[in-house]
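Quick notes on the structure that follows.
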Ligand SMILES: Nc1ncnc2c1ncn2[C@@H]1O[C@H](COP(=O)(O)OP(=O)(O)OP(=O)(O)O)[C@@H](O)[C@H]1O
Ligand SMILES: [Mg+2]
């Protein structure tokens, strides 16, 4: 009984922090309809600022605390302004992921990657109330959270801005008609959100250590709390946070401590599938289907797949490369990795590019492929080729489940769920050590086909190249068939596609299966080429790298996916040893591309080509058919 | 014999009764108009037939079969194609590809046939490309075959959507304001194309359109609805003389003028 009381109390202490972060996410979402995946990293960054003020400038705690919050508010406003050019939901998501990477890397450069300890606000002796042990700091957490929430409620209830802001979240048009300065309101919302995050960071830091990953798992918990509470109701979100804290406590003290973090993810999935509107949220009634997304115009699906010329160029370069660098195993090894990531990227593109569904957890699928393949070869005794195929099929089945779940989830929720998957799978691999060998990882067998043992980089190169070529051919065929057209049609207009007989559910699930299948194949190859896998290879950070490589290369384009994969393996080579510099480069490139050049590197290539064409054929006027008049007359007259 | 029969359907959205016990039928081979003031519920009727909405009550029969038993994507297989008032084109795709998606329900090749580009796929592809080419030719879209839809002027886009509905070889075509926003020349072309549906393909047409001249010139009969209820039915002459219809249109106009003042 006593233990139960203690568990509940501890749950409330941690739950109130979940609630704070969740509130910060939700007020921004409600007013500006943007979800900030960098929120946790911003809080981490502000906490480090507080740390510097304390440790380097020796300010008193309260001053440092306030300093960090001021910084946090300013940072939030800055982020808001950076995100302005992003129009669509998915570009906001990806842009905040880019910021996630940048903040992490910059923090790593400034404060290092090693954890530091952060002082508690109150360091008094614990005392006991009815046998429940409480520390003054715990009470301070709860108190501060309650005060902040009350202030928020009062702010929204009585303040004129608050009233306008509530109106805003209900109807943007009326508010602008009301003459409220929408822009100022948005800025205030973001600043408040930043402060909430900063407070949470400073309260969370003493419970563990302060490092760049301080808020990564926390963010997922906050999403769970927000979803639990319905994403739109403030009291709902607070209750969501508190109950998540308590439930986690119960799971860890009565079932297993190891399951604690995975629990939040499982809960998230269950809630989203059963009651997507959460505990208190209003059911959002959707009549009919949402029609065409505003973003589909950014894509060019006029020539899906890869042209014959590009295929030939790739073939020539890729066959010549190993002979040029025959002695250089270092380069060959990275070329092999590039090939593996190309398979993954092309698969990911089926989802992100062609079907318009985001996946922030693709490293999890890679992991499932890799572990399946290693376990099948070493424990079951499958030959390599069979394990490779099985890894694809097993991962494809996981994709099938994910696809079913995704049918009920809109863009934002899908992003959260896949982020959850990406966070949960490495955790599960870590904990499930009878099979996965935990931290230590597993050794993978050297691949062989029949009697032919593939043990040099040179041979592996051709193995991977063969699979890359098959991948390209199959992808090309799919894209230029009924199936590929159905994917793109669904992305451009669900209503239009359904009216033409395209079965939404079938094709959406199929896209997940294909994508996962390729991820599984890539995972298997990765395991056997590298020779060793551990959960660290498949962290959420890798998932973010994958999504950014795709956007950097250019979505909805096979050459784009391939360029992205090459970029991803190449950058760390040039900046060997500096994780931070390459992360900044990645994040920065991703941010610029998503905000200003939606067609990625593949698009640059096209621009370059056009300039080249113009330079070399100045007198070819008059050959222009209507097909080349693109972009001249984009009329959207409405009646 | 009536091809499409709408029996006493009603649907309401959060308190608003958009369609109220509406019945009418469309005879095979005829061209029927569905008109009414803004917000009368015309598009909602289309959405019920296309199965986007489920009527709260009533029955929709197509060739004697209960349409409400089918899903949205099955409606076209039954032989009903539609256009949308606000155009639901696949904007990043070419005109040709839009027309290929239009034939989605006509192709039944499985996954592996497509993934490995087997012979059956190639035969199918060339068949549907021929069909698309024929329709594009008829609609004057051939020059735009390889242009992305989003790069085309509005009038052309409207035609692409019309062509996409026709290319599936439906028995009944639902046109939601095909001439909206078109200039007189374009309207003339569209009128001609709609006439051909009957004379060339023998397709039955249910037409929603605000351009009364167009409606009068091609419809055999007209149903007029207002506030979701049928207020009149008859030949174009009968309708243009019907006092209730005149009242509905004029009344609404006065209201609008009042609102504007
Ligand atoms: N999905 C929906 N949710 C709520 N109300 C709707 C929905 N669709 C239509 N309505 C309402 O139903 C009524 C009928 O709308 P509908 O679009 O069918 O009119 P319409 O006759 O096509 O008008 P118009 O000539 O302007 O196209 C309108 O009052 C409209 O606001
Ligand atoms: Mg309408």
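Numbering starts at 1 and runs along the chain as displayed.
Glycine is treated like the rest: Cβ placed from N, Cα and C.
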Between the candidate ranges A:297-327, A:545-575, where does TrEMBL place the transmembrane segment annotation?
A:545-575
From the ranges A:139-156, A:157-174, A:481-498, grab the one TrEMBL calls transmembrane segment.
A:139-156
Do you know which of A:442-460, A:461-479 TrEMBL annotates as transmembrane segment?
A:461-479
Per TrEMBL, which of A:412-430, A:621-639 is transmembrane segment?
A:412-430
Does the transmembrane segment (A:188-210) reach the transmembrane segment (A:60-79), going by 3 or more CB pairs under 8 Å (6 or more apart in sequence)?
yes
Residues sitting near the transmembrane segment (A:545-575): Cβ under 8 Å, six or more positions beyond its termini, same chain?
94, 97-98, 101, 299-301, 305-306, 310, 314, 334, 337-339, 341-342, 344-346, 348-349, 352-354, 358-360, 362-363, 366, 472, 475-476, 479, 488, 581-582, 585-587, 589-590, 593-594, 598-603, 605
Counting only pairs 6 or more apart in sequence, are there at least 3 Cβ pairs under 8 Å between the transmembrane segment (A:6-29) and the transmembrane segment (A:222-247)?
yes
Are there residues at least 6 beyond the ends of the transmembrane segment (A:412-430) whose Cβ is under 8 Å from a Cβ of it, and what are they?
35, 37, 89, 93, 216-217, 220, 223-224, 227, 261-262, 264-266, 268-269, 272, 276, 357-364, 367-368, 371, 402, 405-406, 436, 438-439, 535-536, 538-540, 543
Which of A:91-113, A:253-274, A:509-533 contacts the transmembrane segment (A:581-605) most, counting Cβ pairs under 8 Å:
A:91-113
Counting only residues 6 or more past its boundaries, what in the same chain has a CB within less than 8 Å of a CB in the transmembrane segment (A:384-405)?
269, 272-273, 365, 368-370, 372-373, 376-377, 417-418, 421, 445, 447-449, 508-521, 523-525, 528
Out of A:91-113, A:222-247, A:253-274, A:509-533, which stretch has the largest tally of CB pairs under 8 angstroms to the transmembrane segment (A:359-378)?
A:509-533
